[in-house]
Structures are given as C-alpha cells and as structure tokens.
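Heads up: the structure comes next, in structure tokens.
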Ligand SMILES: Nc1ncnc2c1ncn2[C@@H]1O[C@H](COP(=O)(O)OP(=O)(O)OP(=O)(O)O)[C@@H](O)[C@H]1O
C-alpha cells in the first residue's frame with residue numbers, strides 16, 4: 001500500500017510540475033505573440049522590409065567585408081547613432097520617449113504606441129469606430145537605418161571598438177581619417193569623444209591604441225607622431241595647447257597641404273601618458289557655459305588632430321613616406337538659440353548681467369548655428385552630388401568649421417559621424433533634426449587615396465636618420481658587451497674544470513647530445529643570419545649596379561649634351577639620390593648583421609675548441625659533425641649566391657634591352673646624317689673614317705684588346721660589372737674541419753664535470769641519444785667507403801678577367817696573353833703557381849671582387865656617401881670568419897665524400913653548377929656566368 005501511495009504522490013507531483021511548465025510556456029507564448037503583434041502593427045513591417053532592407057543589407061555587407069579585410073576602406077561616410085540614457089530631469093519630467101531602438105542598425109523615431117483599445121496616441125474610439133483627435137500631432141513613426149545604432153546600455157569603450165578602432169589601422173596605412181560627434185546640446189557628444197576621468201571617451205582609446213601599435217612597429221619603420229588641438233569659437237580659431245598667446249589664428253588654404261591653421265602649435269608627445277596630459281590641458285582651456293540642456297555645455301567646436309609620419313625602409317627599390325592625419329572632433333551643440341539661451345536671457349534680466357555679455361552669448365549661439373547650418377548645407381550638397389562629377393559646388397566656405405572639415409567631409413578622408421541623441425520627448429525637435437542630418441550624411445561619398453610618396457632622403461634628414469641608427473648601434477654594443485661579460489664568466493668556470501677529468505660514464509652520450517643541441521641551435525641561427533647578410537649584400541650589389549648604370553647614363557648625357565651633369569641639382573626624386581639612401585640603409589643593416597654573424601661564429605668556435613680540448617683534435621665524430629654543419633651552410637650559401645647571380649643577370653639583361661633600343665635609334669640617325677652630309681658634299685675625311693669604323697663595329701668585326709691591359713675601358717667596365725656577381729659572405733665561407741679517416745673506432749669521451757656545471761641535463765632525452773648513435777653508425781659506414789685525401793690548393797686569387805676571357809666564346813673582344821710580357825703579370829697558363837704573386841704584387845690588380853666595394857668607397861659616388869655618413873665607411877666587406885680558408889679546398893676535400901656525392905647527383909655538381917655560379921675547381925677565383933655584355 002505504501003508503495004502505491006508513494007507512486008501516486010510522485011505522479012501527482014509530476015502532473016503539478018507539468019501543469020506549471022505548461023502554464024508558464026503558454027504565458028510566455030501569449031506574451032511573445034502579443035509583443036509580436038504589437039511591434040508588427042507598429043512598424044508595418046511589410047513596408048519597412050521593402051524600404052529598408054536593401055540599405056540594411058548593403059550596410060551589413062560592408063561591415064562584413066571590412067571585418068574580413070577584403071575591403072580596406074569604405075568610400076562612404078559611416079554614420080553611427082548613439083542614444084544616451086535618460087537623465088534624472090528627463091525621467092522625472094515624465095515625457096514620452098521619442099526613440100525606440102529596434103536592432104543594431106534600425107531605430108524608430110516618434111514610434112506609434114498602441115493602447116488597450118488598439119488605438120494610437122492621436123486616435124479615439126467612438127461607437128466602435130476609430131477617429132483622429134483633432135489638434136493632436138500624429139506620430140511620425142520614422143524608421144532610420146544607420147551603420148550602427150548604439151542603445152543607452154553601450155559604454156564608451158564599445159562605441160570606440162565598433163566605430164573608430166578600425167581607423168587607427170587606416171591611419172597607420174596612410175589614410176586620412178576623421179571622426180566627429182554631432183548632436184544637440186546635452187545629447188552626449190563630449191561624453192562620447194572626451195569622456196571623463198572614470199569613463200574615458202573615444203579620443204582616449206584612439207590614442208592609447210595608436211601608441212600600442214607604434215610600439216609594436218617593425219624595425220624597418222620609423223614613425224613620428226605629432227598632435228595639435230584647437231577650438232573654433234565664435235568663428236575664431238584658438239590654440240588649446242598654447243592658450244597664453246591668446247591669439248586668434250588665421251585659416252589659410254595651401255595648395256600642397258590643403259586647409260591649414262596658421263601658427264598652430266604642434267607637439268610631439270613622448271608617450272601615451274604625455275599625450276593624455278596634453279589632451280586634458282587642452283580641454284581645460286575649452287570654452288564652456290551652462291545652458292538649459294547642459295550645465296557644462298561646450299560652446300565651441302574642438303578639433304584634436306594626430307599627424308603620423310611613417311618612413312618605410314623595407315623596400316630595396318625606394319624609401320616610402322606616408323603622412324596621414326586623424327581629426328577627432330567634438331562639435332558644439334546643435335540647437336536653437338532660443339532653447340539654449342532661454343534661461344540665460346532670464347538670468348540676464350534678473351541679475352542685470354551687462355548687456356554686452358548677453359549680446360556675446362547670443363552671438364555665440366548664432367555663430368554655432370551658422371557653422372552647423374553651413375555644415376548641414378555641405379552635407380546636403382555632398383549627399384546629392386554625383387561623386388563622378390567633380391564640378392558640383394559644395395559651400396565649404398560658409399564657415400570656418402566647414403572650411404577646416406573640407407577634407408574630412410568629401411575629400412581624401414575616411415570619415416565617421418557619431419550622431420548623439422537624447423531619447424526624451426523633451427528634445428523632440430533637436431533629436432529629429434539630428435537624425436535627419438545623420439541620415440543625409442549617409443549618402444556622402446568619399447574620395448580615398450593613400451598619402452604615400454616614394455622618395456629619397458634629403459641631406460638635411462641624414463642627421464635624424466644617423467641619430468636613430470647610432471642609437472641602435474649603441475644598444476647593440478651594450479648587448480654585445482653584456483654577452484661578452486657572460487661569456488667570460490662561463491669561460492672562467494670552464495677553466496676551473498680539470499681537463500683530465502674526462503672519464504667514461506653512461507651520461508656521456510646524453511651530455512654530448514645536450515652540447516649538440518646547443519650547437520644545433522647555433523648552426524641554425526648561423527644559417528638564418530648568413531641568409532639575411534647575403535640578402536643585404538645582394539641588395540647592395542644591385543644598388544651598385546644601378547649606380548653604375550646611372551654613371552653611364554650621366555656620361556652619355558655629357559657626351560650628347562656637351563655639358564656636365566649638375567650634381568647639385570639632384571632632387572629628392574632623382575634616382576641617384578634614392579640609391580644613395582638605400583645604400584646607406586643597407587650598409588647599416590649589414591654592419592649590424594656582421595656583428596651578429598661574428599658573435600655566432602665565435603660562440604661556435606669556442607664550443608668547438610672546448611670540445612676538442614677535451615676529446616682531442618682527432619675525434620672523428622666531432623670533426624664529422626662540424627664538417628656536416630659547414631657543408632649545410634655552404635650549400636645554402638651557394639643557393640643564395642645562385643639566386644643573386646640570376647637577379648643581377650636579369651638587371652643587366654633589361655639594361656641590355658634598353659641599350660639595344662638606343663643603339664638602333666643612334667644607328668638610324670647616323671646613317672641619315674652620313675647620307676645628308678655626303679649628298680651635300682660636306683663629309684670630311686675624319687667623319688668618313690669615323691663612320692667606317694662605326695660600320696665595322698656594327699657589322700660585328702672584332703678588335704683586339706690585351707687581357708692585362710687594365711687601362712682598357714672594356715676590361716675595366718667588365719670587371720666592374722663582374723664584381724657585382726660575387727657576394728662577400730659567400731666568398732668567405734667558414735672553414736670545414738678535416739675528418740680524420742684513419743680512425744676506425746669512434747670514441748666518445750666523458751665530459752660530465754664540465755657540462756654538469758653549465759648545461760641543464762634535463763634537456764637530453766633518450767631520443768637524442770638514439771639519434772646520436774644512429775648518426776655515428778651511418779658516419780662509420782660512410783668512412784669505410786670513403787678514402788679522403790686533402791688536396792692543398794693555393795689560397796691566392798687570380799684576377800677575374802683571366803679566366804673569363806679565356807673561356808668565354810661569346811666575347812666581342814679577344815684577350816691575348818701578356819702584351820708586354822711583364823714579369824709582374826705572368827700568364828696563368830705558363831706559370832700557374834705564381835699567379836698569386838702577380839695578383840698581390842701588381843697594384844693594378846688589387847681590385848679583386850671582394851675589395852672592390854671597399855676600394856670604390858674612396859672616390860666618386862662613395863665619396864658622396866661618406867660625406868653623408870660622417871666619414872664612416874659604408875660597409876667593411878672584410879671577411880669576418882674566424883676560419884680563413886679557401887672554398888676550393890673545401891670542394892676538393894668533399895668531392896669524394898659520399899654525402900657530398902649525393903648533392904652532386906642532385907644536380908649540384910661542383911664541376912657543373914658549382915662552376916657556373918660558384919667557384920672554379922681549377923683555381924681559387926670565382927667563376928661567373930657568361931652573358932653577353
Ligand atoms: N551615454 C551616456 N551615458 C551616461 N551619461 C551620459 C551619456 N551621454 C551623456 N551623458 C551625460 O549627459 C550630460 C551631457 O553630456 P555632454 O556634455 O557630453 O553633452 P554634449 O552633447 O557635449 O553637450 P554640449 O554640446 O552642450 O557640450 C553629461 O552630464 C554626461 O555625463
């Protein structure tokens with residue numbers, strides 16, 4: 001029985017909860033149906049969908065596009081509406097709400113409210129029929145769609161994130177931007193733009209964001225930020241950051257910079273806090289008076305401007321400068337003078353405030369209205385004008401405000417308007433006017449373009465660039481000194497460990513792995529650094545090539561125009577100037593990379609020396625490891641050198657094309673002149689001979705040039721060009737240690753005491769041990785196969801032209817032995833072993849590809865550069881490798897090695913591609929690709 005009672009109780013409980021659920025659901029459904037029907041009736045959605053949806057859809061699409069980054073900028077003015085919460089006075093006044101925010105883009109002004117009889121405010125029911133109340137204003141029930149509607153629950157930070165944040169990135173990308181708050185007095189413009197200490201506004205968040213982005217900028221960029229802050233009060237411009245002058249500033253139109261305020265103070269804040277202090281200071285200087293609607297009403301239009309200058313050095317072609325400006329504007333209240341000054345007039349009357357003051361206040365209101373009316377006129381004209389027709393007249397000159405906002409409104413500026421409104425019916429007219437204004441502004445089309453110019457640096461800017469570079473260098477030097485100190489400390493620790501403390505133990509392999517890991521990291525770093533360095537060198541070579549071409553152009557110009565090229569007339573757009581600047585930039589970059597490479601090499605060298613001190617010089621495994629790593633480096637360097645050669649060749653080929661065109665034109669002109677003169681019988685014998693010689697050359701007849709005739713312009717020109725193929729870093733490869741193949745057994749020494757002190761053992765893992773063992777096994781097997789002999793090759797260099805002239809069948813000129821049989825310059829064929837003597841003893845031959853750059857720094861263009869650089873050498877191309885050895889030796893040594901053979905099989909044969917882009921196997925000099933010059 002008990003169990004039956006219990007189950008009945010449970011059933012009853014279940015039924016009760018089911019009932020409760022059902023009734024709450026029904027209630028909920030009834031409520032939502034009621035709400036639905038109410039809002040459906042109120043909004044007459046069918047019509048609304050027809051009218052509003054296309055605009056809404058397009059606005060949404062644009063939002064999505066901007067978010068996804070597919071559209072960088074919108075060419076339409078963005079309009080946002082912010083509805084502030086009711087103030088205490090408005091709430092206690094009990095006036096009806098004039099705004100209903102429907103969703104994030106739609107609001108209804110003066111909505112129709114239905115009462116219980118389902119009639120609107122202006123209707124009444126009589127005998128079951130609806131009648132309009134005569135004398136009652138019908139509800140406007142106007143629907144407005146904007147880019148975003150912010151209801152009264154939105155905070156300033158949210159407004160910033162959804163309206164202005166994207167402009168910060170645009171500013172950094174070189175676009176002008178403007179955000180202005182428009183609305184009736186007391187509607188929340190100042191609250192939105194400036195905010196307060198506890199609730200900062202859009203300007204605060206913008207500046208903070210901007211500084212954050214500036215801090216994150218990359219190394220190749222230089223950003224300069226400056227600000228100014230002014231107000232337009234009574235049609236007069238005052239500097240808010242320099243109020244002591246008390247001067248009214250003139251507004252002037254500049255053909256280059258647009259509309260500018262004369263003598264406006266410009267400040268460069270140190271950091272975000274400094275900037276905010278300035279902003280606060282400016283705000284304190286702003287003109288404010290109490291009005292009916294706002295106890296702290298701003299009676300002026302305040303314009304806060306941030307200018308950003310961005311210099312980008314990342315391109316090898318040219319330096320780009322972007323100058324962009326962001327204006328954040330808090331307009332004065334847009335209201336009727338009668339509304340704002342009602343109580344002030346009363347005060348004037350009661351307290352006998354001097355007549356002149358009351359006049360001043362009236363004039364203030366009049367001027368605010370004048371400028372806002374002018375703004376309205378501009379908005380109307382812009383919204384109705386066709387952006388494609390440039391001639392439509394916009395009355396910007398109607399007021400100072402519109403003149404200053406000219407760029408922001410219809411020009412090259414991304415602009416957003418934040419229209420602020422009060423939801424209270426007390427401000428019915430002002431709110432309606434604001435919404436109509438804002439709605440019109442939506443139609444304004446903007447004309448956006450990036451404010452970027454590509455220029456070279458002016459000499460006067462060298463100082464600032466030098467300063468920043470010097471700062472970087474001193475930072476790096478400090479870091480270097482610190483690292484050196486740390487190294488010294490570590491070394492002293494190492495030295496305390498007895499060298500004979502090496503005893504075999506189980507830990508040895510894993511510890512060796514730890515060392516290997518550190519070395520792996522260092523070698524990886526070396527690969528990256530060398531690549532960067534070679535890229536830098538490659539850029540410098542390309543610049544040298546362009547400078548050389550430019551030199552030829554200038555020479556041609558001199559020959560053609562019979563006048564000297566005026567170097568003093570070089571402008572910033574002259575390619576020569578731009579090339580110098582790039583050279584300066586890359587030279588500095590190279591110096592800092594040189595230091596890093598040197599540091600990395602010395603670290604590797606130190607570990608290598610320490611290891612060898614403890615394991616002996618002939619430890620095959622360790623030697624082998626270093627050889628492999630060096631080989632990897634060389635392989636990568638080789639690939640880069642090849643890429644560089646191709647790029648240089650491309651530049652030369654494009655020059656060749658241009659020369660070809662020029663030649664054809666010249667030949668035509670010569671022929672014409674020759675026939676004219678000949679026809680007239682005025683051809684002199686000298687001219688006739690010159691023409692015949694030219695004809696021979698055109699026909700391709702070859703003339704003889706002695707190969708050691710270094711005074712020959714053909715040889716010297718060729719050398720100049722050839723030297724650009726070689727990269728200094730590539731030609732000074734690190735030394736690969738020799739593998740001792742005579743040792744059959746691989747011994748692993750215990751280095752426990754030393755490494756226990758210095759490296760954390762946790763880093764070693766069984767996997768690493770396994771790797772090390774497998775590496776050892778594979779190397780062992782390759783040792784058995786190989787029979788390495790080290791070939792000793794002279795480290796001395798031959799001159800570049802020797803080899804090239806002997807082998808290049810495409811040359812226009814033949815190079816024949818030593819014309820004068822000079823003892824200092826013997827033929828390499830007859831005396832190969834002394835070729836080095838010739839190279840180093842003959843002063844004419846000292847200009848090898850590697851020191852070519854350094855030598856050329858003594859005169860000509862480089863002299864100019866040195867002057868600009870304060871006499872500093874542009875780049876010290878001396879080899880920084882701690883191991884001085886020759887590449888050829890390396891090749892010979894590894895030619896027989898099995899793993900090197902695999903490279904050969906993959907098409908990197910030292911005889912084929914190695915000879916093409918790297919070095920010849922026969923001598924130590926670089927071998928260059930053959931091209932017709
Ligand atoms: N979104 C909001 N949330 C809370 N308070 C607000 C908001 N907007 C405005 N207020 C308050 O309303 C009052 C008037 O605002 P504010 O001074 O920003 O108006 P305004 O449009 O700048 O007026 P004026 O043109 O006269 O300078 C201030 O006390 C402000 O704190």
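The backbone N, Cα and C atoms fix where each Cβ goes, glycine too.
Please treat TrEMBL annotations as automatic predictions, because they have not gone through curation.
Per TrEMBL, the feature domain 'Kinesin motor' maps to 76-444. Marked as ATP binding site by TrEMBL: 183, 184, 185, 186, 187, 188, 189, 190. Taken from TrEMBL, the feature coiled coil covers 466-493. Residues annotated as region 'Disordered' in TrEMBL: 794-933. What TrEMBL records for 797-806 is compositional bias 'Basic and acidic residues'. Residues or ranges marked as compositional bias 'Low complexity' in TrEMBL: 825-836, 898-914. What TrEMBL records for 837-866, 876-897 is compositional bias 'Polar residues'.
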Of 184, 185, 189, binding-site residues neighbouring ligand 1, Cβ under 6 A: 185, 189
Most Cβ neighbours inside 10 Å, all chains, among the binding-site residues 183, 186: 183
Cβ-Cβ neighbours of residue 190 (ATP binding site) (radius 10 Å): 27
Rounded mean pLDDT for the residues that make up the domain 'Kinesin motor' (76-444): 78
Sequence-distant neighbours of residue 188 (ATP binding site) in its chain (C-beta under 8 A, six or more apart): 82, 84, 420, 422
Of 185, 187 (the binding-site residues), the residue whose Cβ has the fewest other Cβ atoms within 10 Å: 185
Winner by Cβ contact number (other Cβ atoms within 10 Å) across the binding-site residues 184, 189: 189
